[in-house]
Amino acid sequence: MERHNRSSLVEFVLLGFPKVGHVRGWLFVLLLLAYLFTICGNMLIFLVIRLDAALHTPMYHFVSVLSVLELWYTATTIPKMLANLLSEKKTISFAGCLLQTYFFHSLGASECYLLTAMAYDRYLAICRPLHYPAIMTPTLCSKMAAGCWTCGFLCPISEVILVSRLPFCGYNEIQHIFCDFPPLLSLACKDTSTNVLVDFAINAFIILITFLFIMVSYGRIIGAVLKIKTAAGRRKAFSTCASHLTVVLIFFGSIIFMYVRLKKSYSLTLDRTLAVVYSVLTPLVNPIIYSLRNKELIKAIKRTVFRKGGRASPTHH
């Protein structure tokens, strides 16, 4: 009977943003503009870093990888959100829903690992400056970035397999703006305590361990910066970390509350709000944060876009 129930359910209905009514068009425009800005901003940062020799340093290598990751991260969910805002039939296939969930969590886990690698890079640059060039070589940077992607794409496999084996008994409306594990588990007509426990264990390991590592790194960085005697030196050291730390706090602040919890029930309004923060807002503000707070990157953008200025020599942080 369970096999019949599961196989008969071939698609889900993504309710998305319910009760938006007459403001649906405005919401579509805002979301479309946010998506286009995210694409343009992250593409600009990636291309400028790759084209400008002055930015061929480990720190900017990781920033460029983060920009690519954000492009894929938003492509997993936002196009479907836009399509659902225009369509009365807000359906997604069973396989499509599982794939969206898998890629969303894979890319999210990859971002957790990448932000951790960036924190380690800043720790070495500030706390061990003499050893930094010898340790953080281009080969190590490439291996770390590849490791972040690989580990990220391996993490959600067990969760997706467990969800794919659950029976779904007719009711197929997903109370969320995209497919995700919590709303999917709420539709299953079987005890999902094992799924919830596995989700909690994996999410707690990925999110809390990486966040703890980042905070420890920044604790040591702050301790080292406070020992710098000149105010100008302290400002320069802090400026190289402020952008990354801002992104970390926005991203981790929302996903910790969303995914590190041992329960299936949740507040629909709160979860939709948090989902907008980490799936739309964070990728949107990343280019702004990294460009507006980084004079070197601003100069590189001007050199690349407007073809002005000479070729700068590489700088090390």
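Every residue, even glycine, has its Cβ placed from backbone N, Cα and C.
Note that the structure is predicted; figures quoted are calculated from it, not measured.
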Inquiry  = Quick test of your reading of TrEMBL: among 146-166, 272-292, where does it put transmembrane segment?
reply    = 272-292
Query = Residues sitting near the transmembrane segment (272-292): Cβ under 8 Å, six or more positions beyond its termini, same chain?
reply = 17, 31, 34-35, 37-38, 41-42, 44-45, 63, 66-67, 70, 73-74, 77-78, 104, 108, 176-178, 180, 243, 246-247, 250-251, 254-255, 257-258, 298, 301
Key: Contacting positions for the transmembrane segment (200-226) when only residues 6+ beyond its ends and CB under 8 Å are counted   = 109, 112-113, 115-116, 119-120, 122-123, 126-127, 155-156, 158-159, 234, 237-238, 241, 245, 248, 252, 255-256, 259-262
